[in-house]
Amino acid sequence: MRNSEEAEGFDGEASNTSMISGASSPYQPTTEPVHSRNVLGGIRCDFEYLKSHFGILKAVEVGLALIAFICIETIMLCLPCGGVYVFEFVSCSAFVVTGVLLLIFSLSLHTKVPQVNWSLTDLVNTAASTFFFFLASVVLAALNHKSGAEIAAVIFGFLVTCVYAVNTFLAVKRWRIGDGRSVAVQTSEYMRARTASRGEMEARPDLA
């Protein structure tokens with residue numbers, strides 16, 4: 001019995017000693033949770049954007065550009081082929097770039113990169129697509145062999161040009177509104193800083 005009591009006493013002292021040494025040790029195991037970076041956690045489908053004017057216009061532009069590209073790809077023989085090649089390049093480029101922008105805006109990926117002026121980026125894309133689609137459609141209308149595929153490509157080219165033109169108009173208005181707000185914010189911050197510095201000077205007349 002005595003041996004068991006002594007053994008229990010030694011165990012208690014050992015546990016107390018370990019607790020004291022553990023509490024006084026500077027190397028403590030951290031209890032803070034490790035948060036893993038979930039890059040894809042913030043991705044969501046923005047149905048409000050898809051229902052908006054810009055979302056609908058983007059979807060229509062992608063669809064019409066794809067149809068125009070398919071029409072021009074069905075042409076087997078052409079001589080000269082300059083108009084066909086220009087229209088093919090413009091329709092493919094507009095389809096890819098506009099499709100990527102539609103994906104970025106509809107999944108709210110643009111919020112991950114706030115350093116980019118996305119309103120200006122959209123404006124540049126729509127304005128450039130309007131100009132080059134109109135140019136390519138005019139060239140193809142002047143240099144074609146009156147085939148069904150070429151005529152269909154010209155029709156869809158002018159249709160998507162009109163849609164891009166409407167999108168450009170709305171993008172210009174949105175960009176002007178956003179630029180005016182940024183200027184107003186900068187002006188208010190400047191006036192606030194100026195008022196604060198003036199109040200500090202009045203509070204310390206010895207600095208005047």
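Placement of Cβ uses the backbone N, Cα and C atoms for every residue, glycine included.
Residues annotated as region 'Disordered' in TrEMBL: 1-33. Per TrEMBL, the feature compositional bias 'Acidic residues' maps to 1-11. Annotation source TrEMBL lists compositional bias 'Polar residues' at 14-33. Taken from TrEMBL, the feature domain 'MARVEL' covers 49-176. What TrEMBL records for 62-87, 93-111, 123-145, 151-172 is transmembrane segment.
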Suppose you look only at the domain 'MARVEL' (49-176); what would the mean pLDDT be?
92
Secondary structure composition of the domain 'MARVEL' (49-176) [DSSP: H/G/I, E/B, coil]:
107 helix, 0 strand, 21 coil
